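Novice: Residues annotated as topological domain 'Cytoplasmic' in Swiss-Prot: 1-43, 96-101, 117-130, 180-193, 256-265, 339-364, 409-422, 471-502. Taken from Swiss-Prot, the feature phosphoserine covers Ser26, and the record attributes it to a large-scale study or a structure entry. For 44-64, 75-95, 131-150, 164-179, 194-210, 235-255, 266-286, 318-338, 365-385, 388-408, 423-443, 450-470, the entry in Swiss-Prot reads transmembrane segment, with the evidence type similarity to another entry. Annotation comment: Swiss-Prot describes 65-74, 151-163, 211-234, 287-317, 444-449 as topological domain 'Extracellular', evidence class a curator's inference. Feature annotation from Swiss-Prot assigns intramembrane segment to 102-116; the stated evidence is similarity to another entry. Annotation comment: Swiss-Prot describes Arg135, Tyr244 as L-glutamate binding site, evidence class similarity to another entry.
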Amino acid sequence: MVRKPVVATISKGGYLQGNMSGRLPSMGDQEPPGQEKVVLKKKITLLRGVSIIIGTVIGSGIFISPKGILQNTGSVGMSLVFWSACGVLSLFGALSYAELGTSIKKSGGHYTYILEVFGPLLAFVRVWVELLVIRPGATAVISLAFGRYILEPFFIQCEIPELAIKLVTAVGITVVMVLNSTSVSWSARIQIFLTFCKLTAILIIIVPGVIQLIKGQTHHFKDAFSGRDTSLMGLPLAFYYGMYAYAGWFYLNFITEEVDNPEKTIPLAICISMAIITVGYVLTNVAYFTTISAEELLQSSAVAVTFSERLLGKFSLAVPIFVALSCFGSMNGGVFAVSRLFYVASREGHLPEILSMIHVHKHTPLPAVIVLHPLTMVMLFSGDLYSLLNFLSFARWLFMGLAVAGLIYLRYKRPDMHRPFKVPLFIPALFSFTCLFMVVLSLYSDPFSTGVGFLITLTGVPAYYLFIVWDKKPKWFRRLSDRITRTLQIILEVVPEDSKEL
């Protein structure tokens with residue numbers, strides 16, 4: 001059976017079409033009547049959607065080192081203003097994605113919207129960088145935080161060995177991959193539990209902070225807008241840190257096809273999640289300042305631990321566990337969502353065919369999940385992991401800005417397009433400008449890293465013409481590619497998705 005992708009792909013087909021019995025039939029076989037289709041099921045309810053957004057946005061930063069904004073604003077009051085403003089701007093981006101997700105009912109997020117508006121080249125470059133660098137690197141970073149804080153209660157009196165951190169991290173990554181390969185339902189249920197843990201951890205900080213306010217502990221808020229002298233360059237950097245802290249609201253759009261009743265669920269999940277996150281972030285910072293001065297917060301290596309040691313006594317030992325669970329939730333949500341990006345890109349012919357196949361029994365995009373495992377392990381044991389991510393930090397904002405600018409373009413080019421959820425045009429316009437500002441700021445503040453990242457991103461252009469456009473590849477290459485695909489199908493028990501209405 002030969003697949004016909006949107007554009008020429010590495011292999012011209014030759015994979016095997018399977019069925020729910022796990023058998024790979026011959027061309028003459030008939031599918032039993034009433035047999036369940038091999039597709040990704042619509043199992044993402046409103047609660048699960050909310051848990052995915054909250055679970056991926058809230059990582060370790062708010063608990064460990066929320067000082068980037070304070071350091072660059074110079075005052076308690078201005079830092080709280082920036083936390084609130086960045087929450088509102090992130091909500092604008094999320095609302096823009098809600099319109100895109102309900103108008104273009106396909107999974108894939110940025111990739112799908114860029115493909116729809118700007119064509120295959122830019123879309124391929126987006127998924128190229130995401131697959132090879134950004135997602136493995138980001139997963140490794142949040143996983144390292146998980147490994148460090150899960151071990152911290154066992155190494156109170158001494159430094160945690162780096163090898164131990166990486167080994168525990170590797171175990172955590174493997175558990176996440178296995179979980180997402182095994183069951184969509186269980187991944188979503190565990191994500192709900194981990195989101196509950198995150199919110200519990202935030203409440204453990206907020207409630208004592210509110211009690212402190214009731215007791216009159218407001219001396220750190222006196223002259224809240226006076227403090228250290230801050231250069232004008234500091235304010236854009238504070239804005240950059242704030243927007244980065246809210247990043248992750250777009251992940252629900254990566255799994256649009258699995259969302260139950262997306263026209264209602266996506267906008268509701270986005271609004272509920274962003275409201276909870278913004279209020280939670282602001283109140284957590286307010287709680288910190290009821291007990292910790294601005295100077296102490298800037299010097300602390302783990303703000304939540306410092307806060308809990310002063311107010312909660314021995315209960316502060318639980319904070320590292322909550323941070324580890326928070327990191328695990330970010331790992332799980334990120335892998336769950338981004339695997340669908342690779343799945344959709346493969347379905348469009350931009351990645352190897354095997355990545356668009358589904359397990360015949362578990363109905364999970366197994367190859368698209370496990371492809372992240374070796375790439376993440378390489379990143380985990382790489383010495384320049386953080387530098388590599390810094391090189392490519394601008395790319396996220398560039399492609400998000402393009403996707404939201406595409407919304408404005410579609411308003412004028414396709415005015416009759418069905419839009420169940422529609423936002424005022426100033427919202428995507430303001431957010432697109434915000435993304436442009438973030439890219440320019442990256443270039444201005446660190447031109448070398450941004451330049452290197454831009455060059456890495458540009459490698460996607462020759463890769464596109466070599467792997468996608470060039471369709472006169474040697475026959476031996478095609479045969480080898482098809483043989484590898486068929487072998488992996490048999491080993492992994494995966495088949496192409498049955499056709500379905502989107």
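Using N, Cα and C of the backbone, Cβ positions are placed for all residues, glycine too.
Because the structure is a prediction, the values reported are computed rather than measured.
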Novice: Sequence-remote contacts (6 or more beyond its ends) of the transmembrane segment (75-95), Cβ cut-off under 8 Å?
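Specialist: Distant Cβ neighbours of the transmembrane segment (75-95) are 69, 220-221, 224-228, 230, 238-239, 242-243, 245-247, 249-250, 267, 270-271, 273-275, 277-278, 281-282, 285-286, 289, 294, 400, 404, 423, 427-428, 430-431, 434-435.
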Novice: In the topological domain 'Cytoplasmic' (339-364), how many residues does DSSP call helix, how many strand, and how many coil?
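Specialist: Helix/strand/coil tally for the topological domain 'Cytoplasmic' (339-364): 13 helix, 3 strand, 10 coil.
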Novice: So, taking each listed stretch (164-179, 194-210, 318-338, 423-443) in turn and counting its Cβ pairs to the transmembrane segment (365-385) that are under 8 angstroms, which one gives the highest count?
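Specialist: Stretch with the highest Cβ contact count: 164-179.
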Novice: Short question: most Cβ pairs under 8 Å with the transmembrane segment (318-338), which of 131-150, 164-179, 266-286?
Specialist: 131-150
Novice: With Cβ distances under 8 Å as the criterion, find the stretch in 194-210, 266-286, 450-470 that has the most pairs with the transmembrane segment (235-255).
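Specialist: Answer is 266-286, with the largest number of Cβ pairs below 8 Å.
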Novice: Determine the Cβ neighbour count for Arg135 (L-glutamate binding site): the number of other Cβ atoms within 10 Å of its Cβ.
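Specialist: Step by step: centre on the Cβ of Arg135 (L-glutamate binding site), count other Cβ atoms within 10 Å, giving 24.
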Novice: Return one of helix, strand or coil for Arg135 (L-glutamate binding site), based on DSSP.
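Specialist: Where Arg135 (L-glutamate binding site) sits, the three-state DSSP reduction gives helix.
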Novice: What residues in the same chain, six or more past the boundaries of the topological domain 'Cytoplasmic' (409-422), come closer than 8 Å to it by Cβ-Cβ distance?
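Specialist: Long-range Cβ neighbours of the topological domain 'Cytoplasmic' (409-422): 98-99, 102-103, 116-117, 263, 266-267.
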Novice: Show which residues of the chain containing Tyr244 (L-glutamate binding site), separated from it by at least 6 in sequence, have their CB under 8 Å from its CB.
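Specialist: In sequence order, Ser393 meet the Cβ cut-off.
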Novice: So what's the mean pLDDT when you look at the topological domain 'Extracellular' (151-163)?
Specialist: 84
Novice: Can you tell me which recorded stretch out of 44-64, 131-150, 164-179, 388-408, 450-470 has the most Cβ pairs within less than 8 Å of the transmembrane segment (194-210)?
Specialist: 44-64
